[in-house]
Amino acid sequence: MTERNKTVISQFLLLGLPIPPEHQQLFYALFLVMYLTTVLGNLIIIILIILDSHLHTPMYLFLSNLSFSDLCFSSVTMPKLLQNMQSQVPSIPYAGCLAQIYFFLFFGDLGNFLLVAMAYDRYVAICYPLHYTTIMSPRLCVSLVVLSWVLTTFHAMLHTLLMARLSFCEDNVIPHYFCDMSALLKLACSDTRVNEVVIFIVASIFLVLPFALITMSYVRIVSSILKVPSSQGIYKAFSTCGSHLSVVSLFYGTVIGLYLSPSSNNSTVKDTVMSLMYTVVTPMLNPFIYSLRNRDIKGALERVFCKRKIQLNL
């Protein structure tokens, strides 16, 4: 290996989004508004759930954690993207790149596992309504949340440590707007076979298993409804599960489109656009999906604002 190839890099250059220079400021303003909407929307849901005692239920415990996960997941990539869109040298330090990988995996997986917990909650609420409070005890709910955090910590740490053992030499240009693992593996000048095997095995478990559990929950929900078909039962099921099913479809639809669709000549552009869907669009839409047709959230919003208004008048 030549001396040139032995040069160890200290930072990576992020190519960012394939946006023409004349449209750069327009897209910067658009992404800034979308990010601020994401932060504000998820913060409102978290604050409402904390302040309103009517929302201190298992479903809203999971929802508050999901909102926190969405807020942080978007914050892992968006601030750096916005900064680099205004910079002449869109770079990220080596340590910052590893940190971005860790938190990207952590909050992405956390949202995934919380969707499983929410699916189980909906399953119990519809199939065992009389035993709901007994089954979904505070202890079980907290255990599901803690288990989600522990599993995601392990997964994110595993990949980050494996990535840290790789050597990166001459090429330091990442054709993405954040430190994507697959893009980084292509830049490594050391053996990446262990990383690739671990990614395949663990990703299969952490994506396929949660999706299978969610699917099983909804199969049993549909089966339970069909046993006693009534317009009231169907309405209750859709009103209970509609928001969660929309979020699940949005999340897994994007992931399937990104990782399972056939590659093409412009696969880099496709990957970038699909990544924007689950790092920017999905976290922004989730608060609206859960609040627009949710009477509990609307009621909590009215109660909190009315309470604050009365306090101000006094």
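Yeah, the Cβs are placed from backbone N, Cα and C, and that goes for glycine too.
When the topology recorded in Swiss-Prot is consulted, P90 and G299 turn out to be separated by the membrane. Matching Swiss-Prot disulfide entries to the candidates C169, C179, C189 identifies the partner of C97 as C179.
Mean pLDDT for the topological domain 'Cytoplasmic' (218-239) in this predicted model: 74. Same-chain residues lying 6 or more positions outside the transmembrane segment (58-78) and placing a CB less than 8 Å from one of its CB atoms are 31, 35, 38-39, 42-43, 45-46, 49-50, 100, 103-104, 107-108, 110-111, 114-115, 117-118, 121-122, 125, 136, 141-142, 144-145, 148, 177-178, 279-280, 282-284, 286-287, 290, 296. Contact between the transmembrane segment (98-118) and the transmembrane segment (144-164) is supported: at least 3 Cβ pairs lie under 8 Å, counting only residues 6 or more apart in sequence.
Between the transmembrane segment (197-217) and the stretches 30-50, 144-164, 240-260, 272-292, Cβ pairs under 8 Å are most numerous for 144-164.
In the topological domain 'Cytoplasmic' (51-57), the DSSP tally of helix, strand and coil residues is 4 helix, 0 strand, 3 coil.
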